Amino acid sequence: MVDFLPKVTEINPPSEGNDGEDNIKPLSSGSEQRPLKEEGQQGGRRHHRRLSSMHEYFDPFSNAEVYYGPITDPRKQSKIHRLNRTRTMSVFNKVSDFKNGMKDYTLKRRGSEDDSFLSSQGNRRFYIDNVDLALDELLASEDTDKNHQITIEDTGPKVIKVGTANSNGFKHVNVRGTYMLSNLLQELTIAKSFGRHQIFLDEARINENPVDRLSRLITTQFWTSLTRRVDLYNIAEIARDSKIDTPGAKNPRIYVPYNCPEQYEFYIQASQMNPSLKLEVEYLPKDITAEYVKSLNDTPGLLALAMEEHVNPSTGERSLVGYPYAVPGGRFNELYGWDSYLMALGLIESNKVDVARGMVEHFIFEIDHYSKILNANRSYYLCRSQPPFLTDMALLVFEKIGGKNNPNAIQLLKRAFRAAIKEYKEVWMSSPRLDSLTGLSCYHSDGIGIPPETEPDHFDTILLPYAEKYNVTLEKLRYLYNEGMIKEPKLDAFFLHDRAVRESGHDTTYRFEGVCAYLATIDLNSLLYKYEKDIAFVIKEYFGNEYKDENDGTVTDSEHWEELAELRKTRINKYMWDEDSGFFFYYNTKLKCRTSYESATTFWSLWAGLATEEQAKITVEKALPQLEMLGGLVACTEKSRGPISIDRPIRQWDYPFGWAPHQILAWKGLSAYGYQQVATRLAYRWLYMITKSFVDYNGMVVEKYDVTRGTDPHRVDAEYGNQGADFKGVATEGFGWVNTSYLLGLKYMNNHARRALAACSPPLPFFNSLKPSEKKLYYL
């Protein structure tokens, strides 16, 4: 039996006139060769105990917790364990001696994986002796732009030699190409995070079909990384806020509704358990006004969410624990409004209904205690809502947890719809959001001053003329304006509309700038139409066709809500539908005129089911060609966005960017009206773009994409950049609604399309290669 550890080798960049073979050298172990026995292990032979093969070898695509867990660590296995007898592994994992012996062939820099006769179809297993050193030398060789990622923009040799497990690391094979090398970097980074110093690594894990790899990571890793659940030990960390940098924001802080004493005591206990965390706990008043919310800007905090009682099965001790929820990712580390709905779709698809159900519970809690579904659960969002999706979300969770056959599911559905009806009446059908003349609703949040969660310089171009007018610095002007010490009606109007834009979820876009609070939009009114239809259905099916509102005492039946839906549909057609263009436009309630901004939100009318068959046909024929790009639907047309300049910078919710919510709702809406082939075509475009970025850019999955770029669609230079792009070594979260879009988009793909995506076949060449009968599947 060997008594030392094998080594990994790398290839250095070739010198002139040398293609690289002479530059191969072993990675140094960083220490003297050392015994492969557990520390403290006694010498001498033990009787061999036969172990099952399942105990020894795992699915190469196991979760990281299993794959890099202690049971696969050679240093933690007994001397008799096969993982600690690497020389004998060839008995179980045969690799051709011919292949292993052929090391004297020329290494070439290629952009693809090694598909030569020396390849073994991903069945090989590697042995890496020193994970830290392997990481350092891999990055030194391949990460030429020094961003801790291996991408197509790096100019390294794109090849490395890795020792095989069967040969105890003495024989080597090549790992080639950006995709495999970046996957190797990711796996080494993950292994290091688990404290591993040595690993066995299946080639199949770094040469995995990229479509399978991404969907697997979303389901098994990304959702886990994005899931939060408040308990006594993590609340201080969850409460921290990277968006606010003021002295009062240094300490984590939690605000609790005035009528939740049990939660208040829970958080006090958490603060006392670890005083060094400096967790501050405060009650909110019964009446929350815009003035009060502004007063919290210097001392922002997390808002309490729904909790349930947990009983320790061992001790019988009772304690509170938060329902689970998912956060979008990046700088967004809270429970967001419409992000949560879109993530719930993916969570349900991934059989993680407990998290989706938890978010329904949180929305019920928010409506009950904060009067609305919040933009997110931070104190500075108390006056601001987001696009309402609760009814559809509750119905999806209801069906997933047993539907009408589960009494608990029925109770959850009823509670969710009581909350949704309250939200409908008190938020969307009340002043200032309801326009009494048209009967349609607008995004129109309350608030005073400058939104504190924005970047410090976000509004500098707007504020600079006022700073010059008062002869003060921008910082001083912000203070004077927020404190009401200067009065500027135009600035007040600007921030009124800016807050409305943020409530819309589309922050920011030129279609809303300076007018949002006055616009009756097709997106919001489509959602409210869906609320009315869903409420009518649930009242009929689960309330005995009679619903008594506990807040205002009114009694309604399903017919009442159907009438409301039909009335809204009539008003939408009157004020928004434009047959000539095939778009539902927005209606300016102040100027009493229809806008002409061509937006992808026109497809929300199909998702909600309010468009007629003829309107859907016209939308597909006229509006769709204006919005369909290389990578799917663009947020708006270039014509509507207008010219871009230093004084008129690009906005992230405008051309040329595409967003997952627009794709998801359009796919479902088109399918509902018989245009599933169109949805399939759009889905292929969107999935191609995500897959290409994932393959070429170190497993990157980002918040939004430039749907006009074929090479680097993840590169978005607008406003605060692109969440999900800034990571070292490995991306562990993706981005919430993009994760969902990938899983849902794959449901439209047949095997042929999945193979094309895995090969990163661009949409047009792929579509052109199809047979006439196959083109029909994509409405071509």
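Placed from the backbone N, Cα and C atoms, the Cβ positions cover glycine too.
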For the candidates S53, S215, S242, S645, I need the one that Swiss-Prot annotates as phosphoserine.
S53
If Swiss-Prot marks one of S52, S78, S436, S558 as phosphoserine, which residue does it mark?
S52
Write down the residue from T88, T224, T473 that Swiss-Prot flags as phosphothreonine.
T88
So one of S29, S112, S504 should carry the feature phosphoserine according to Swiss-Prot; which one?
S112
Rounded to a whole angstrom, what is the C-alpha distance between R331 (substrate binding site) and D507 (active site, proton donor/acceptor)?
15
Under a criterion of Cβ-Cβ distance under 8 Å and sequence separation of at least 6, what residues of the same chain contact G505 (substrate binding site)?
G337, W338, Q386, P387, P661
Proximal residue to E703 (active site, proton donor/acceptor) among recorded positions D339, N375, S385, D507 (C-alpha distance):
D339
Could you measure between D339 (substrate binding site) and D507 (active site, proton donor/acceptor) for me? Cα positions, answer in whole angstrom.
13
Spatial separation of D507 (active site, proton donor/acceptor) from R384 (substrate binding site) - C-alpha basis, Å:
13
